[in-house]
Amino acid sequence: MNLHEYQGKQLFAEYGLPVSKGFAVDTPEQAAEACDKIGGSEWVVKAQVHAGGRGKAGGVKLVRSKEDAKAFAAQWLGKNLVTYQTDANGQPVSKILVESCTDIAKELYLGAVVDRSSRRIVFMASTEGGVDIEKVAHETPEKILKATIDPLVGAQPFQGRELAFQLGLEGKQVQQFAKIFVGLAKLFKDHDLALLEVNPLVIKADGDLHCLDAKINIDANAMYRQPKLKTFHDPSQDDAREAHAAKFELNYVALEGNIGCMVNGAGLAMGTMDIVNLHGGKPANFLDVGGGATKERVTEAFKIILSDSNVAAVLVNIFGGIVRCDMIAEGIIGAVKEVGVKVPVVVRLEGNNAELGAKVLAESGLNIIAATSLTDAAQQVVKAAEGK
């Protein structure tokens, strides 16, 4: 689950980290009032969406009057912001963050992720702040500094100081950086985060360090023990199909192809997408129906897949372990009839009673193509999607 910038900064403030004074507002009038509360003569107004690249898309602006802040809020509230990280429809803006202006002398980067290879939290820092860190890592990896956190003792101040020296910080900045480093590490662990970024972490004109942005992603598997963070969830930022799928315990991710995929098991689902690509097709989604491929779940899965107007054919790839393939076939037939599927459906069944399942499909009289293997299924569905 992602958090908005204003929510991330709220957590930063709770851990004593330096952030700008600001208010999240949802009306133009509140934007003007926020300027009065903050004081000063310059403010930064930011559209709140779960996507980067807001500045280049016009979603971040420096304003010098309350009227300009009000106008910015009126421009974006209730509208969709399109950035390089969103699809063509963009993300809806329901909050505007109004905060004090910061004099920036230099921009740095500081972030943390869970490194699966070392099974540790790893911090990354760089002098290349304010830009796409993935681009920096690809083009100049030597500019990415790393510190691995020992789970037994946690982040240590000396690690923060070491990074600070490598970043060229000096004097009071070293201690400030170490405090931010340790605070972020505690926040990361306490809230079961999967990713945390401060981009940029800036050196102000007076030499102090300041967290100018906050990007936080929480591990979805740990949400059951983070009741406070559950209240931070903004459903308007979720893909409607993904949110609907979650209600039925279906793992769905929308993609940009035209071949719908329905599979039981995440690994098999990824393998299915790979082989579709191998044969020249483009998956329209990742969809894992899980271990219980019942008629009800298959029906909902079909509804979700076919809600994408780009889908020209559907590939169903099911491995029958405990569940018999003939029962799965009956479920698929029932779902196709109930939903009224108009596009070709290619089904590959393997496992318990697979032959009987294929026979049931063949005798259904529906537009269902029974494949003999995964390769055959991929070839058949690609042809079907092309209208051949």
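Placed from the backbone N, Cα and C atoms, the Cβ positions cover glycine too.
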#### Entry: Further substrate ligand in Swiss-Prot, beside Gly321, Ile322, Val323, within candidate set Asn258, Asn264, Asn367
Asn264
### Query
Swiss-Prot has Gly53, Arg54, Gly55, Glu99, Thr102, Glu107 binding ATP. Which one of Lys46, Lys66 is in the same site?
Lys46
### Message
Return the average pLDDT for the domain 'ATP-grasp' (9-244) as a whole number.
### Response
94
### Task
Spatially speaking, which of the binding-site residues Asn199, Asp213, Asn264, Gly321, Ile322 is closest to Lys46 (ATP binding site)? Use C-alpha to C-alpha, please.
Asp213
### Query
Quick one: what's DSSP say for Asn199 (Mg(2+) binding site), helix, strand or coil?
strand
### Task
Around the Cβ of Asn264 (substrate binding site), how many other Cβ atoms lie within 10 Å? Please give the count over every shown protein chain.
24
